[in-house]
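Lifted from TrEMBL, the feature list:
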DOMAIN    1-103  domain 'FAD-binding PCMH-type'
BINDING   D50, R112  FAD binding site
BINDING   Q454, F485, R597, G762  Mo-molybdopterin binding site
ACT_SITE  E936  active site, proton acceptor
Amino acid sequence: MLEFFESNADNTDLPYFTAFARHMKQVATHTVRNIASWAGSLMLKHKHPDFVSDIFTLMETVDAMLLIGSADSSEQLYNLTDFLDLDMKGKVIIAAMLPKFTDGVTHINTFRVSQRLQNSHGYVTAGFNFKLDATKNYTVTTIPRIVFQGITSTLNRATKTESFLSGKALGDAAVLKGALDMLGAELNPSSDPVLASPEYRRTLAQALFYKFVLQVCPKAVDPVFASGGSELERPVSSGIQTYGTHKDEYPLTEPMAKRAAIYQTTGELRFLADERLLQDEVYAAFVISDVGNAKLDSVDASPALKMTGVYKFISAEDFPPEGENNFMPSSTYGVKEEIFSSGNILYAGQPIGLIVASDALTAETAASMVKVTYKDVQPPLLNLREAVEQKSFFTGVMPDPLVKGDPDGAISKSARRVSGSIECGAQYHFQLETQTARCCPADDGGMNVQATTQWIDGTAEIVAKVLNLPESSATVEVKQLGGAFGSKISRNFQVSGACALAAYLMQRPVRLQMDFHTNMKSIGKRFPFLANYEAGFTEDGKLNGVRIFFYGDCGASPNDNIIPFMYTWLDNAYFCENWNFTPQAVKTNKPSNTYCRAPGSVPAQFIIETIMEHIAKSLKMDPVQVRMANMYEKGQVTANGMKLDYCNIRPIVQQLRLTSDFDSRKEKVLQFNKANRWKKQGISLIPTRFGLAWQGAYFSVLVSIYHSDGTIAIEHGGIEVGQGINQKVSQVCAYELKVPLSLIRVKKASSIGNANSITTGGSITSELNALGVQKCCEILKARMAGVKERMVNATWQELVTQCYKQGVDLSARFYTNPHDKYDCHYNVYAAAVAEAEVDVLTGQSQLSRVDILYDCGESMNPDIDIGQVEGGFMMGLGYHLTEKMKYDPHTGVALTDGTWDYKPPLPKNLPIDFRIALLKDAPNPLGVLRSKASGEPPLVLTTSALFAIKHAAEAARADIQQDTYFPLNSPALVEDVQAACLVAPSQFVFKEPSA
């Protein structure tokens with residue numbers, strides 16, 4: 001259909017095809033459009049009247065007719081309204097009849113606004129079809145067509161407004177106002193917890209009508225309002241990556257793709273779910289609760305057990321003697337979390353039991369058939385602010401407040417003060433693979449486990465405790481994961497424990513792969529936060545004292561409590577002599593929230609940057625000026641007590657300010673905003689000081705050289721989750737041993753070869769396992785040195801052979817055990833400039849350009865590190881701009897449990913111009929081979945995008961004399977951005993009021 005519209009766009013009898021083609025490009029993706037059909041979209045609308053069908057909007061706008069055939073071979077034409085009421089049983093849509101318009105006075109356009117720029121159903125779609133006499137102030141000569149979807153399931157046309165406009169001059173300000181008022185009265189959007197708010201959808205519909213009017217009445221419109229008639233134009237994205245490298249150290253510092261990249265991108269790389277079935281292997285699926293605050297009354301699995309292919313239902317009553325119904329390792333965690341509920345239901349999605357069946361579909365279907373009843377059902381507590389008001393707190397899990405100096409006194413004595421509140425939400429770990437485990441009883445009575453876990457040691461401990469086995473009898477192996485982002489540190493313990501129990505009871509291999517929706521319902525997310533703050537400062541914006549009371553939503557358990565970590569990052573890049581950080585762990589009826597890429601640091605730096613923005617606004621200063629006034633210098637001490645012996649944040653910011661042309665671009669933004677009422681731009685510069693902690697990072701690393709051919713195998717304690725750890729350790733090994741990379745292979749990690757290794761996470765796993773490999777290589781070189789000295793110009797193979805003949809041990813092991821004076825081993829410094837453009841009428845935005853300058857030390861592999869910077873930034877864009885979890889307020893069930901309503905960023909969310917630079921000539925004296933980590937610090941830089949959009953909203957508010965401080969919570973979806981701009985239909989005019 002898109003090709004049809006595009007190929008006939010020049011046909012003057014079909015003047016609307018260009019608009020339809022533009023509209024269709026915003027619908028779904030190439031893949032979906034190639035698979036789906038336009039008739040299928042209409043049938044979805046027919047079956048589900050609340051479905052926002054773009055095809056229906058297009059065809060209803062031009063009054064298309066549908067040719068529908070019946071089983072008796074008869075054919076009949078129907079308009080779209082009659083089609084919706086037609087019984088389609090035994091009927092099929094044969095064709096659509098699209099009209100021609102040859103009068104030259106017909107103006108047709110359509111619009112859609114959605115949560116994400118692509119592959120996202122519309123909040124509201126609109127179509128307008130008007131015949132206008134431009135010589136009579138754009139008089140509407142016939143009854144127009146005004147089509148809306150996304151208002152209610154029954155309203156598709158604004159018929160009252162259509163009648164009102166017939167015969168009136170659309171270019172008349174009074175007529176425009178009357179039409180907007182009529183629309184406001186006629187459109188009464190339905191309310192639903194998963195939809196955009198009714199207020200937004202009504203205002204949006206009015207704004208889209210106004211946008212159309214601005215397009216078709218150009219002579220009536222002042223130039224400052226004209227941009228409201230256009231949509232955001234997005235060219236193809238481009239990127240620039242710059243970095244330094246050292247050829248004399250190759251393959252170390254050499255930019256190259258990871259070895260597995262080609263197999264991963266072609267789909268040839270096999271993850272756990274792709275592994276071939278073992279003999280007698282069966283499948284399992286969780287039975288989960290559908291209420292969030294209750295007690296179990298009864299569980300009846302008989303309907304499920306009657307299904308063919310269903311073998312067993314497993315519950316809390318089926319653990320072996322002395323086996324534990326608890327998936328939290330007692331060696332690390334203090335609060336019990338049950339694998340299967342034994343009575344208390346703490347959140348919707350909580351596993352109650354497990355169905356074992358012959359295949360995955362049968363298991364999942366049977367799980368849905370288990371009948372569960374509840375008693376003592378209470379309303380779930382879901383909202384963080386409400387939970388704080390009710391003092392729903394965990395006790396005994398928080399450290400003492402961090403107090404430095406006298407913040408209360410400093411604030412009270414300050415010339416200027418601000419106080420406020422800010423919130424940031426949850427984020428789902430959107431991996432390639434869900435939580436999965438495969439367990440097989442071992443011949444010796446133990447259990448062999450393959451799991452999508454980031455923490456092999458913890459998984460082995462849980463399997464052992466569940467089955468009452470010695471931990472040495474639980475063997476866990478991991479080859480690679482299809483993404484993790486922290487969700488598979490502790491949350492896979494429940495999956496592996498349940499799977500191991502099923503395998504034990506069935507005495508056959510069991511595979512438990514959570515389906516996507518269950519994964520989203522049952523697994524915790526990134527911690528949401530609420531912060532109340534007060535800051536005192538000078539007239540120049542220099543901080544005197546800061547007090548932050550912050551509340552973290554732990555969900556049902558505080559086990560993965562990341563709140564204390566925030567002490568490291570709450571001051572970000574800013575010095576102040578007086579701080580007070582007071583945390584509180586909040587209990588809600590949601591799955592236990594857990595680690596998510598850059599846990600704690602993302603909300604912490606968002607909070608402090610909000611404070612800096614608030615200070616700047618109160619002083620009417622440039623936010624960059626306020627930030628520079630407080631930025632750390634070498635030798636100063638952080639709020640958490642770390643002396644900054646190596647601090648280069650100021651020169652990084654100054655360099656980025658120059659290379660990004662920040663100051664001249666800021667002036668251009670100001671000029672653009674003066675000239676445009678309905679399009680606004682914003683630009684923001686954000687620094688980061690990201691502390692990396694090494695303390696307690698135990699990793700067991702083994703390097704073995706094979707005497708027969710000189711090849712090398714590495715088995716390290718980290719998990720390849722897509723971050724390129726295997727590539728980096730291979731490059732380090734090749735550099736240290738001076739051998740080709742082709743000789744090196746990285747083997748899967750296991751609880752045998754890598755026992756007692758901690759979890760993969762915190763950005764440090766790659767560098768510390770690289771350190772382990774480096775130390776192993778040093779051990780091997782020392783052992784081989786005596787043999788090498790007695791040989792002349794020996795090849796690597798000759799040296800290895802001779803060492804073997806002389807009994808030299810060609811395997812070396814090293815166990816990392818770093819100790820630090822401070823909580824952090826070193827800091828990563830970076831800065832980002834983001835420039836955004838906002839369509840004020842709709843709240844839609846796009847990033848025109850992003851510049852990042854990142855201190856990666858001497859990057860071990862610039863290609864991988866730049867990829868981490870880009871990927872981390874994009875994940876942060878989702879967190880701040882597109883991803884939002886929503887729950888049923890009555891049951892607590894996650895409503896955004898799939899891709900229909902939960903929207904991580906896609907390619908069209910990329911900055912149009914994306915420039916990444918790794919700081920050159922900046923070796924890290926505290927890093928492994930002079931490098932720095934890159935996995936998590938880039939994510940915090942995405943506050944620059946949120947604040948760029950906020951600055952654009954500030955410009956819109958300034959046009960209506962409302963240029964005062966306001967908080968912009970995260971995530972800021974399109975409806976939040978439009979609300980921040982204080983858009984109201986009373987502002988929808990042709991000319992300035994004074995004109």
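Cβ coordinates are placed from backbone N, Cα and C, and glycine is handled just like the others.
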Inquiry  = Quick check for you: of the binding-site residues D50, R597, G762, which have their Cα within 10 Å of the Cα of the residue listed as 'active site, proton acceptor'?
reply    = R597, G762
Ask   = Rounded to the nearest angstrom, how far is the Cα of F485 (Mo-molybdopterin binding site) from the Cα of D50 (FAD binding site)?
value = 35
Remark   = When pLDDT is averaged across the domain 'FAD-binding PCMH-type' (1-103), the result is 95
Ask   = Near R597 (Mo-molybdopterin binding site), how many other Cβ atoms are within 10 Å of its Cβ?
value = 26
Ask   = Looking only at D50, E936, the recorded positions on record, which one has the least crowded Cβ, with the fewest other Cβ atoms within 10 Å?
value = D50
Key: Neighbour tally for R112 (FAD binding site), based on other Cβ positions within 10 Å of its Cβ   = 24
Task = Can you grab the distance from R112 (FAD binding site) over to Q454 (Mo-molybdopterin binding site)? Cα atoms, rounded to a whole Å.
result = 41
Inquiry  = Between the two most separated Cα atoms in Q454, F485, R597, G762, the residues recorded as binding Mo-molybdopterin, what distance in Å do you get?
reply    = 13
Task = Could you name the residues, excluding Q454, F485, R597, G762, of the same chain that surround the Mo-molybdopterin site, i.e. Cβ within 8 Å of the Cβ centre of those residues, in sequence order?
result = A484, G486, S487, I489, Y595, C596, P599, V721, T760, G761, G935, E936
Request  = Could you work out which of the binding-site residues (Q454, F485, G762) has its C-beta surrounded by the smallest number of other C-beta atoms within 10 A?
outcome  = G762
